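What Swiss-Prot says about this protein:
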- 88-181: coiled coil (COILED)
- 296-305: compositional bias 'Polar residues' (COMPBIAS)
- 11: phosphoserine (MOD_RES)
- 316: phosphoserine (MOD_RES)
- 321: phosphoserine (MOD_RES)
- 349: phosphoserine (MOD_RES)
- 173-331: region 'Dysbindin' (REGION)
- 243-256: motif 'Nuclear export signal' (MOTIF)
């Protein structure tokens, strides 16, 4: 449409220029034709003047119109140039739009592929997230196992330390117990020796009196012979023993021999600790009422019962009167009992 309008404007301009050229050529021809006029024909100046003025006016009008047409053509040309530039831009835009529209199927295919890739990436991200959660759980388990291993090592070290402390404590208790046992045995041996000495002296005096007179007759009470320290022995109980009815010397010899044989039998069983007590004569001191009621033969029975007690106990013979009180070291016995029960309890606590 614009091209046809432009062609028309160009054709009008060409026609206008060709018309001007034809007019100028005609005026020149008229001038050339007017020259060969001869003198006989006289010009009519008034008619020519009118004609010339009319031509001049016409040419002036034509020239003015030509200028107006030229200015209008220039304006139209500028407008046409502007419109052509504008429509060229529109054309390029339309061409680009057409090209973009032609690229729409490829763009849609790319979008579909991108959507599929995004779906695949979403699945991959979910898998990675699950793997990260699993890795976090594994890290937590590893940390827990490491803490458990450290705690177990600390527990083992604590057990080892406690076992060492227990062994040290047991060794100390054993040493203390052995020391106390030795002290108690020494004290007991001293008491036994002192008591044995006292009874030997009393028995020797009574035996000498019996061998010399044949009977025992105590006229007055005698003071205890020897120092008994912590042991309280009532010697008057021995003085109240009445042996006057023993008239048979053979029975006395049998009694003495039986006592010596029993002592020799007991000495190997008692071991080295009782070697000092082999010559000890054990007597059971009866009450005064029992002495009056029982015959003199009860002394042998007392000796046999004491001998059986010694053999059953398996320890050094201890002679006690009815009124004597021997207190056992309860602290030592308690510590010994705790020591025997401690290893089992310590092992239970360690486990």
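Residue numbers in this text run from 1 along the chain shown.
Every residue gets a Cβ built from N, Cα and C, even glycine.
Secondary structure at residue 11 (phosphoserine), taken from DSSP and collapsed to helix, strand or coil, is helix. Per-residue pLDDT, averaged along the region 'Dysbindin' (173-331), amounts to 57 for this model. Cβ-based neighbour count (10 Å, all protein chains) for residue 11 (phosphoserine) stands at 10.
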